[in-house]
Structure formats: C-alpha cells, structure tokens
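Notes follow once the structure below has been shown.
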Amino acid sequence: MITELFTIVGSEQRGRFRRFFAIAIAFCALQGAAFLFILPIMNAVFDGDHDALWGWLAPFVIVAVAALILNYLASVQGVELTFATTRRLYERIGDHITSLPLGWFSPERIGTVTRTITNSSQNVTLVFGFLMLPFLNGIIAPAVITVGLLIIDWRVGIAFVIAVPFLWGVDRLGKLFYRRGDGGIDLAAAHANARVIEYAQAQQILRANGAVGDANTALQDALLAQRRASATNLITTVPGSVIFRAAVQLILLLAIVAIVPLALGAQITPATAIGLIAVAAQFTASVGTLSDLAAGIRLARSSLRKISSILAAQPLPVMRPQVVPGSRCDLRFEHVTFGYEHGVEVLHDVSFVVPPGTTAAIVGPSGSGKSTIMRLAARFYDPSAGKVSIAGNDIRRYEASDLAAQFALVSQDVYLFDDTIWENICIGRENATDADVVEAARIARVTDIVEQLPDGWETRVGEGGHSLSGGERQRVSIARAVLKNAPLILLDEATSALDPVNEAAFLDALEQATRNTTVLVIAHRLSTIHSADQIFFVDDGRLLETGTHEDLVAADGAYARFWNQRAGTTSWSITSVKENR
C-alpha cells in the first residue's frame, strides 16, 4: 500500500513518509520497552528494596518521557502527512480527470469519481493521521515485549512466540470473510451515487412526470441494492473481527494459566507473576486493537485501488514531437471519421478548412453530427481516422494547456460555477484587467443583467447558475469566451437561448470584437447562417456541401432545400379556430 501511495503522490512526499515511520517505530519500540520495566519494579516493591526501586524507576521515567515526546512528534507528522497527501491526491485526480476523453465519463463512472474524491481519498489519507500509529504500535510494542520476555523468562516468552502464528492464522481467516463481503459494495455504491446525481440534476423533468420520492423506482432500487450490499458486507466482516478478538483473549487466558502454576510452584516469585500477567494483558490489549485498525487499513487499501483505477484510465495522448501555438489560427479537418461507440460511426470522412480570421457556419438537421464536429475541434475526443489541425498543427501534438489557449468554447449546455458573475467571467482569463472584464460583459450584453441585480457584479449565481435564466447564463458564458481572446472561437448553438433582439446585438458586437478571429459556429437561425463567410452543410454525419450562402442556394441542392424549408417556417402565423370556420 505504501509503495503504491508513493507512486501516486510522487517523490516529494518520500522524506515526510520516512520521518513519520522512523519516529513512529521508535515510539512503539520505547512503549513496548517501558512495559517491561514493570517486572523489576514489581520485584523491588515486593522485596522492599528502595535502592533497586529507584534504580529501575529512573530509566523507566526516561523511557516513558521519551515515548511521550515521540508519540507527540509522530502524531504531528501524521496530521501533516494527511493534509499533504490529501492535497496531492486531489491534484493528481483532478489533473488526470481533465486529460480523459469525455466518452470515459459514463453515469456509473461519474458516481465512482464522486465517491472516490469524497470518500476514498479521505479513507487513504486519514490512515496516517489516525490509524497508522496505533496499528504500528499494535505490532511493534508486542514484538518488543515478546523479545523482552524471552530474555526474562524463556518459558513465558516461548508461549507468546507461539501465539504469533496462531493469531496470524486467525487474521487470515477473518480476511476471507472480508473479501467475500467486499466484492459487491463498491459496485452498488457507485451505481447508487450515479442515480443520486441523476436524481438531483433532473428534478424539473422528474417533477413534471411525477417521478419523485418513492415514485422514482430507479433511485429506490439503487439505494435498496446498496443497503443490501452494505448489510451483506457487515454480516460477513463482523465474524472475522469477533473471532480475532476471541483469539486474543484466549491468548491472555492461556498466559495466566501458564504463569499461575509457575508462581505456585515457587519457580517464579509472586511479584514476577503479577508483573508477567500485567505485561501479558498489555500485549493482548495492543494486539487486540489490530482487528479494528486492520479493517480501516483494508478500507484504505481498497480505496487506494479505486484511486489507482481512475489514474490508470488512459488519457488523450500527446503525440511527439510536441508543437507550440503558431501565429495564424486556421481550423482544418482532414478525412475525419469518428464514432462514440466502437463500430458505430457518426462522422464519415469529413474534410473542411476554416481560414484564419473567417467565420464558418455548420448547418444541418438535428442529429447530423454538428456538435460532434465541435467536440472533435476542442479535442474532447480523438477521431477514429483522419486528423484535426489548429494553426497548422495536429491538435494531438499540443499539450493540453497550449491547446486550451488556442480556442474559446461556448456550448449550448452552459455551466456556471457557484460564484459571482464577475468571477464566472474571469475564468476566461484570470489575469484580465477590470476594463477587459467590463468590455467582454458589454459585448455579451451581461452589463444589462448586472444593472438589474441588487448586488451587481457580486451577485452569486448559484450552482450551475440556477439563479439566472437560460439566456442570462448563456450571455455570461459568451462574455467568458470573449474575455479569453483566443484566436479561435467555437460557438455550439451559443445564441439558442437569446431572444432575437439580444441575439442581433450580440452578433453585431461579436463581429466587431472578432475581426481577426477564426470562428466556427453551429447555426440554426437564418441571420447567423446568412452572415457566415462559408457554410458547411452536414447531414447523417457527412459533409454534403460547402460554400457561401448565395452559392449553395444557387446550386439548388440539399442546403437549398434545407434553407427553403427553414425560411418557410418564419412566415408561419397562428390563426384562431373560429377564423378557419
């Protein structure tokens, strides 16, 4: 476990780990040695030998005080190690998650990640703050006591030596119970977490369909399965702990049975017998805690395996040699084929070029592959065949940070963080000046929102931005993209939640702000389509036509039919039933 944790947290924590274990082992050894002083001290008390008593009390006090100091130092080191390891684990998990393809994030895996971050990381790191020191003490102190007893009275010492393999066998038996009950609880917990997240995120739909509370059978079934798995785990793990504790008490009983006849036969003094029984009681008390502590260690080891499984997921690879962003920023798809599932293609041999400083609109019916093109351009996925290039370089050759600096994305599914409007915009560029933020907000018409809010820029938007309307959230997201000032802007139906007046104002301001910027936009509204420098008409995952609006309409092909159909809907009007009679 420690070696695996070293691999995850990195070499910078090795020194802290070594200090902790060195101090902890020294403390445990001194504590075990301190209990051995009971025997000569008891003999000196019973014999009334004050000189011998003070002669043994002095080193006992020194050892006990040293043990107390080391206990304090080990506890401090353990807490510091807990915080340092927690921070490093969160950093490693967070960095790795951002490098994974979006296809990896199934609902069950999202539940697993949530459980891993909230529970598993704490289970691992709290070992050093609360479990490792008493666990080591339960092993090292009894070992020192056993060695001391072999020196003082080999007959009693041999009895404790024999107890070691006996307790080891009992512990192995308990692990069999644990492994039998541990298999299903993780899967059940991950599934339940996924259902709880889904239940929280889909409240509007669930309430509209009366599928809340007990009516939500999927959630109820998942929680019931988790409860059953937890009960099974409890039933199968408790016997192991009970058996181990019973075995430890049996060792103490056998020790007393062996010591008392020695005292009655005058082979040892009564004082020695009392001292040996006291030492044996301490031996069994220390060993007895191992059962409960071992359960925590096993939980931490299981949690570490979950963390390792997430970190073992393959990220999007960076091809060699790597490249740095260039001065020009064109976007190029070359014979790109892609499918979310193996063998099921949603894009077929798509090729196009968006020259620097121009705007291209992707047009097509719902489900034609428009959003998939956007996701590939942002490298949320890698194509199955072909390549995507930005600024003349295959995007797989960019480091993640360099690629992210090349584009700004505004998607149709806007997410705002539970922070102020100002901070949500500043995510686009953390080093932006106040004037830059205000200008980006003006372009996106966010200033109109801010002026109507009592707290202005400091208004908190709530988790996901729930305190704002859909159109307001979209405007904040657009301001974030404008502030980033990236050479490429990807607009995935970015104006879908804006009313016609705000959309027209935004498009006009965006055109002024992005005169030298390359723009790829998924367009549904005719005004956006008409103003694009070129149009890519996509249907059924294939790029059917490319050209300007005028050229494609004149060609009278698939785009022209689509255009005429959409243009016809704008002339629809609603009349009353009475007027038609």
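Placed from the backbone N, Cα and C atoms, the Cβ positions cover glycine too.
A TrEMBL annotation is a machine prediction, not a hand-curated record.
Annotated features, as they stand in TrEMBL:
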- 20-41: transmembrane segment (TRANSMEM)
- 21-299: domain 'ABC transmembrane type-1' (DOMAIN)
- 53-74: transmembrane segment (TRANSMEM)
- 124-145: transmembrane segment (TRANSMEM)
- 151-170: transmembrane segment (TRANSMEM)
- 250-268: transmembrane segment (TRANSMEM)
- 331-565: domain 'ABC transporter' (DOMAIN)
| said: Take the C-beta pairs under 8 A between the transmembrane segment (124-145) and each of 20-41, 53-74, 151-170, 250-268. Which stretch has the highest count? | reply: 20-41
| query | Which bits of the chain, at least 6 residues beyond where the transmembrane segment (20-41) starts or stops, bring a Cβ under 8 A of a Cβ in it? | reply | 52-53, 56-57, 59-60, 63-64, 66-67, 70-71, 73-74, 77-78, 81, 128, 132-133, 136-137, 139-145, 148-149, 152, 272, 275-276, 278-279, 282
| note | If one takes Cβ-Cβ under 8 Å and requires six or more residues beyond its ends, the residues near the transmembrane segment (250-268) are 153, 155-156, 159-160, 163, 166-167, 276-277, 280-281, 283-284, 287
